[in-house]
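Asks: Here it is, the structure, as structure tokens.
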Amino acid sequence: MRAAPAALLRRGALMLSGEMLQSAFHFALNIVLIHQLAPTDYGIFAIVMLMGGLALTYMRSLAGLPANLLIPAHAGRRRALPFEVTFGTVAALSALAMGLATAALLALWLRSDSLVAGGAFVALWALRSYLRSLAFAKGRQGEASLGDLTFALTGALLVAGFALGWRGADPLNSVFMLLAAANGAGILMALGLARRWPRLTLRRSMRRRYGTIGRQVLWSVLGTTTTNIQGQGQVMLIAACAGPAAYAPLAAMTVMFAPLRMLTAAIGNMVQPELARLWQAGATEAALRIARRWTLGVALVGILYGAVVVTLVPFLRFPVFDGQPVLLIGLLTFATALPPLFYLMPRLLLEVRRSFRLAAAIGLAGAAIGMGLVALILLVATPPWALVGAFASEATVLAGSLLAILRPEALRFRGSGAGAKTWAPARRAGA
């Protein structure tokens, strides 16, 4: 048990290094595209990136989260193979569905000719994220980091070519093609390091195995849906009502705070297996102690980073910011980015406790408040002010998540422990 903190730190260093590479690449890419693309094209790119982010959350619920919770106990044993086959099949089918959904969005709503490249990009990004989660679930952090490095280096080379003039007749389509290629390179590296070609199957045994956790996965997906509506619904509503061009400056400012989102995702993927292990062993106090420490650290880093960005905001000279209240957008985006830093660990603990219904209810409350405010604000004010609704939504989730952990009896309702019987943590005698 004493070796756990050191192992967690090593795991964290590897995961954060990979996330930093990805974050740096995405940040540099957005800076290049802000200058290279027309506002409408950049707005479309930002919407597809948002779709990709949503795809990652569903991939986590459908395959990544079950892998993180079930594979570590059997890592390195043959008993882990059936889980890998099951979750790998689900991941492949999910990635295909996500790519098709993105292509449909590009064709039917955004009226873009980049539907094939955009769909391929989102599908491959989602699949690479699952392979990354699988590597960490199996304790192979080095493989995950090398996959991240391959993705970042390949992407950097392709973006450099784009910036130097290789962009084809349709710059936006070229961007999606290079992102798909970079994610494909990362996938090939991950599969090569695993030294085992993935096995996929639709046999009855696979469906039966996944069906045993189907109810928990269903509630996890519902929780993810409410969280996405709560976290991204306001942004999508702004984009839908105001159009890609009006959404572009908000998306560009969000890029400045994207490292915080990547940080929380990395730490969540890193810490959750350890929290699950402790909870299943009955060491709930140790799990809570780890959650408190990480919350303090993440929040401190986020506040310092945000303060630096807001200080630099008035000096930004991006074409999409022309004529926009840049400082207002920066302050509201920073305010919206803060609550997730504080509710990251409480949300992870709710998942570890299998309180998926409660997590979904909290997300739904935040979504209702946020989208209602956004709709009202868009009727009377300009799009930047609609970020107030996004902040209200995040603040609601923060309050609900903290209350669920600190005062669980205050939010208890019938059936809130869905799945507890199947995946309930084993408690020590006398606990």
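Including glycine, each Cβ sits where the backbone N, Cα and C put it.
A quick note: this is a predicted structure, and the numbers were derived from the prediction, not measured.
According to TrEMBL, the protein has these features:
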TRANSMEM  20-38  transmembrane segment
TRANSMEM  44-71  transmembrane segment
TRANSMEM  83-109  transmembrane segment
TRANSMEM  115-137  transmembrane segment
TRANSMEM  149-169  transmembrane segment
TRANSMEM  175-194  transmembrane segment
TRANSMEM  294-315  transmembrane segment
TRANSMEM  327-346  transmembrane segment
TRANSMEM  358-379  transmembrane segment
TRANSMEM  385-406  transmembrane segment
Asks: Same chain, outside the transmembrane segment (83-109) by at least 6, Cβ under 8 Å from its Cβ: which residues?
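Replies: Same-chain contacts beyond the ends: 44, 47-48, 51-52, 55, 58-59, 62-64, 66-67, 70-71, 74, 115-116, 118-124, 126-127, 130-131, 134, 198-202, 206, 209-210.
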Asks: When only pairs 6 or more apart in sequence are counted, do the transmembrane segment (115-137) and the transmembrane segment (327-346) reach 3 or more Cβ pairs under 8 Å?
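Replies: These two stretches do not touch.
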Asks: What parts of the chain pack near the transmembrane segment (294-315), using Cβ distances under 8 Å and only residues at least 6 beyond its ends?
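Replies: For the transmembrane segment (294-315), the sequence-distant neighbours (Cβ-Cβ under 8 Å, at least 6 residues beyond its ends) are 253, 256-257, 259-260, 263-264, 267, 271, 326-327, 329-331, 334, 337-338, 341-342, 344-345.
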Asks: Taking contact to mean three or more C-beta pairs under 8 angstroms, with sequence separation of 6 or more, is the transmembrane segment (385-406) in contact with the transmembrane segment (327-346)?
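Replies: Per Cβ check, the transmembrane segment (385-406) touches the transmembrane segment (327-346).
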Asks: Counting only residues 6 or more past its boundaries, what in the same chain has a CB within less than 8 Å of a CB in the transmembrane segment (20-38)?
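Replies: Same-chain residues near the transmembrane segment (20-38) but 6 or more away: 45, 148-149, 151-152, 155-156, 159, 162-163, 167, 171-172, 175, 179, 252, 255, 258-259, 262-263, 318-320.
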Asks: Near the transmembrane segment (358-379), which residues from the same chain, at least 6 beyond its ends, have a CB less than 8 A from one of its CBs?
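Replies: Result: 219, 222-223, 225-227, 229-230, 233-234, 237-238, 241-242, 347, 350-351, 385-386, 388-390, 392-394, 396-397, 400-401, 404, 411, 413, 416.
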